[in-house]
Structures are given as structure tokens and as C-alpha cells.
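Visitor: In case it's useful when we look at the structure, here is the feature table from Swiss-Prot:
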type	residues	note
DISULFID	22-46	disulfide bond
DISULFID	25-32	disulfide bond
DISULFID	39-67	disulfide bond
DISULFID	73-94	disulfide bond
DISULFID	95-100	disulfide bond
DISULFID	120-145	disulfide bond
DISULFID	138-165	disulfide bond
DISULFID	171-191	disulfide bond
SIGNAL	1-19	signal peptide
């Protein structure tokens, strides 16, 4: 259950001026309808995203809608890999006003395992700021080593830690502090370039 909660958080806060109203919802699957909520003063667009959690042979998809900032709309695809058998990825789309009523939801392309020759330390700690690291093979656009440490949890969550390969887009999103959760909790995020895999 805690693992699924972590995965939800990964997706739920993948999207964060003017005061506009955006639909808010999170559902398993692809059809998401919810309530209207006024966005924050720095949020000037609505964001819909589809997130997939893959751990062969299982794959879980959920869709969410929330407020966001237009300067992150071009960062429409992100992925992370904290474990050689686990992949987290998301596709995002922005809209405003009536456009949100007709804009088709983002759709993730079929996942293809594509090792890119890079590696990072990876692990997940669901109840601690520390976790036991091991080397993870990066895939596709994952060229960064991402570390997330949740020190001061909110929403009644325990401490958490996450390390693994990540796409540069995901690191740029964190750099822009797009994640609403960062505003209410003490979260350390660090990205460094992934390193070439050593020959065995």
C-alpha cells in the first residue's frame, strides 16, 4: 500500500500569474473527472497527465488533472527508474479555458526497454531518509541520477527516500519547483549526470 501511495505521489505532483480554475482529480485508468479549484497566483495553466508504473509483468496506469505553470508545458514526458525491474513514467499536457473540454488526454507510447549504457545508484526507502543503494541500468532518455529525500512529511506520510535514473525533463521540473508538495514539506532534490556503465 505504501508503495502504491509513493507511486501516486510521483504522478500527483508532476504538474503544478493569473487566478484560473482547473479541474482536479486522480483516478486509476484513463478517464478523470473531478471538481474545479482556483489555482495559485503563480499557476497559469491546467495540466492533465497520464502516469504509468511498470513492474513486469504488471503495469498500473492512472490519470490526474491539476493546476500548473506554462513554463513547464514543454517538459511533457518524464521517466525515472529506481530499480532494474521498476519504471515510473508520465506524459503531460497543458490547456486553459474551453480548450480543456476538448483536449484529448495525453497518451503514453508503449514502453520499450532501451538500456542506454548509463547507470546510477538506485533505491526506495518508504519509511526512511536512507535506503540501501545498488546500481541501476538507465534506459531511454534517463541521463540523470535523481535523489529525493522527504524529511518533513505532510499528509500524514512517513519519511521517504528515492534514488535512481531519471530523464533530464524530470530534473528540470523539480528545478522549477513545479511540485506543490515541495511547498508544504521539507524535500531535498538533487540531480547529477549519470555515469557510463562499467564493463563486467
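Backbone N, Cα and C atoms are what each Cβ position is placed from, and that goes for glycine too.
Fair warning: this is a prediction, and the values are worked out from it, not measured in the lab.
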Visitor: Let me spell it out: for each of the disulfide-bonded residues (32, 73, 94, 100, 120), count the other Cβ atoms within 10 Å of that residue's Cβ, using every protein chain shown. Which one has the most?
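Guide: Per the Cβ count, the most surrounded site is 120.
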Visitor: Which one is it: of the disulfide-bonded residues 46, 73, 100, whose Cα lies the shortest distance from the Cα of residue 165 (disulfide bond)?
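Guide: Sorting the disulfide-bonded residues by distance from residue 165 (disulfide bond), the top entry is 73.
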Visitor: Cβ distance under 8 Å to residue 138 (disulfide bond), same chain, sequence separation 6 or more: which residues?
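Guide: Listed in sequence order: 81, 115, 116, 117, 118, 119, 120, 165, 194.
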Visitor: Provide the three-state secondary structure of residue 39 (disulfide bond) computed with DSSP.
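Guide: Where residue 39 (disulfide bond) sits, the three-state DSSP reduction gives coil.
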Visitor: Sequence gap of 6 or more, C-beta under 8 Å: which same-chain residues meet both conditions with respect to residue 145 (disulfide bond)?
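Guide: In sequence order, the residues whose Cβ lies under 8 Å from that of residue 145 (disulfide bond) (at least 6 apart) are 120, 121, 163, 164, 165, 166, 191, 192, 193, 194, 195.
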Visitor: When a 10 Å sphere is centred on the Cβ of residue 191 (disulfide bond), how many other Cβ atoms does it contain?
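Guide: Other Cβ atoms found within 10 Å: 18.
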Visitor: Roughly how many Å separate the Cα of residue 46 (disulfide bond) from that of residue 32 (disulfide bond), to the nearest whole number?
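Guide: Roughly 14 Å, rounded to the nearest whole number.
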Visitor: Taking DSSP three-state, what's residue 94 (disulfide bond) in: helix, strand or coil?
Guide: strand
Visitor: With residue 25 (disulfide bond) as the reference Cα, tell me which of the disulfide-bonded residues 39, 67, 94, 171 is the closest one.
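Guide: Answer for the nearest of the disulfide-bonded residues: 67.
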